[in-house]
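J.: If you scroll down you'll find the structure; I have some questions about it.
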Amino acid sequence: MKGKVCVFGSFNLDIVTKMSRFPLPGESLVAHSSMMGPGGKGSNQATAALRAGARVHYIGKVGNDDFGQFARRHLEKTGFDAITLFTCKEKPTGNAMIYVAGDDAENMISVYPGANLTVTTAEVNRCQPTVAAADILLVQLENNLSAIQRMVRNARQAGTYVIVNPAPWQKVSAAFLKNIDLLTPNSTEASQLTGIAVKDYASAQRAAEALHATGVRQLIITLGMQGALLSTEKYLAHIPVYPAQPVDSTGAGDSFNGALAARLAAGEPLEQAALFASAYASVCVERAGAANAMPLYSDAIARMQQYPELTVTFVEQVSAEAT
Ligand code: RIB
């Protein structure tokens, strides 16, 4: 079954350079390679959801410039059900400088959001029928918070399931968190959300408890090589990480979120969708770039079949009496 996912989020033009190590402040370092391509957390997650099997409507905003034209050409040929791409006359298209280095292909990213931060109330409201028609709305925090909050509120009113990937981090209110169905921070964002230093499964569990106490119903904290913690009011589970030969970790979190949304929209249970997303992300990091690195559904299924011993581990079931 193909579910409908609406992704509201950023488009950035990415310039990615691969280096043997990250440069020091004030240092010029020669890169091994450099490439320009489509990026931005919204566009990356929309592409991942599409390739993981969903019907996708992407909503974003770009500048009235060459990068904006590049974005439109790229998005039109991606295969989305539909795109709604607003244009800003005052700000340029968002762009990102990305360094990739080291054995794990870690990255450092500097983002200039530009037009991504200029989405107006009128533009959000024009998207209401799209949001209402979707099974899932997936958003990140790379747009202006006012627009994200309104989009989420509109989805909520329409009964659309809402996933928020709180990246890059910006401070959100407790009222906003209560409005969403699933929150997907990485360890850094979980630390920023709670003030608890999240570095392993035990500290992620403490952060999850703190977030549930503020009204977050379901969350997945991704922990890099340590997998992910899935925590709901009913159970706690560990999602394993799949082995990979990393080439570029840019977009790894985006691949996880897009794939997760696609499988949830297709009707899979949360823990199975999260396991699929973990396999999907492991294939993504083996490819260079962001949106263009997103695997197909079949690639993730093949990875899961390669490692049948990797399954979801339920750590704790909360009894009906305790809830
Ligand atoms: O998550 C990766 C993305 O973050 C890149 O594509 C870059 O544009 C930044 O938004």
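Cβ atoms here come from the backbone N, Cα and C positions, even for glycine.
Under the heading active site, proton acceptor, TrEMBL lists D254. Residues annotated as substrate binding site in TrEMBL: N12, L13, D14, G40, K41, G42, S43, N44, E142, D254. Among the features that TrEMBL reports, ATP binding site is placed at N186, T222, L223, G224, M225, Q226, G227, G253, D254. Residues or ranges marked as K(+) binding site in TrEMBL: D248, T250, C284, R287, G289. Annotation source TrEMBL lists domain 'Carbohydrate kinase PfkB' at 4-295.
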J.: Do you know offhand how many angstrom separate S43 (substrate binding site) and N186 (ATP binding site) by C-alpha?
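T.: So the Cα of N186 (ATP binding site) lies 19 Å away from that of S43 (substrate binding site).
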J.: Record lists N12, L13, D14, G40, K41, G42, S43, N44, E142, D254 as binding substrate; longest Cα-Cα distance in Å?
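T.: That value is 15 Å for the farthest Cα pair.
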J.: Within 8 Å of the Cβ centre of N12, L13, D14, G40, K41, G42, S43, N44, E142, D254, which other residues of the chain have their Cβ, at the recorded substrate site?
T.: G9, S10, F11, P38, G39, G94, A96, A290, A291
J.: Have a look at the binding-site residues D14, N186, G227 and say which one has the shortest Cα distance to R287 (K(+) binding site).
T.: D14
J.: Determine the C-alpha span of the ATP site listed in the record, that is the greatest distance between any two of N186, T222, L223, G224, M225, Q226, G227, G253, D254, in Å to the nearest whole number.
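T.: Largest Cα to Cα distance for the ATP-binding set is 17 Å.
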J.: Among M225, G227, T250, D254, R287, G289, which recorded positions lie by ligand 1, judged by Cβ under 6 Å to any atom?
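T.: List returned for ligand 1: T250, D254.
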J.: Looking only at the domain 'Carbohydrate kinase PfkB' (4-295), what is the model's average confidence as pLDDT?
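T.: Its mean pLDDT is 96.
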J.: Rounded to a whole angstrom, what is the C-alpha distance between K41 (substrate binding site) and D248 (K(+) binding site)?
T.: 15
J.: How many whole Å apart are the CA atoms of G289 (K(+) binding site) and L223 (ATP binding site)?
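T.: A Cα-Cα distance of 21 Å.
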J.: Out of N186, L223, M225, which of these binding-site residues is nearest E142 (substrate binding site) by C-alpha distance?
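T.: Result: the closest of the binding-site residues to E142 (substrate binding site) is N186.
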J.: Tell me, how many other CB atoms lie within 10 A of the CB of C284 (K(+) binding site), whichever protein chain they belong to?
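T.: By my count, 32.
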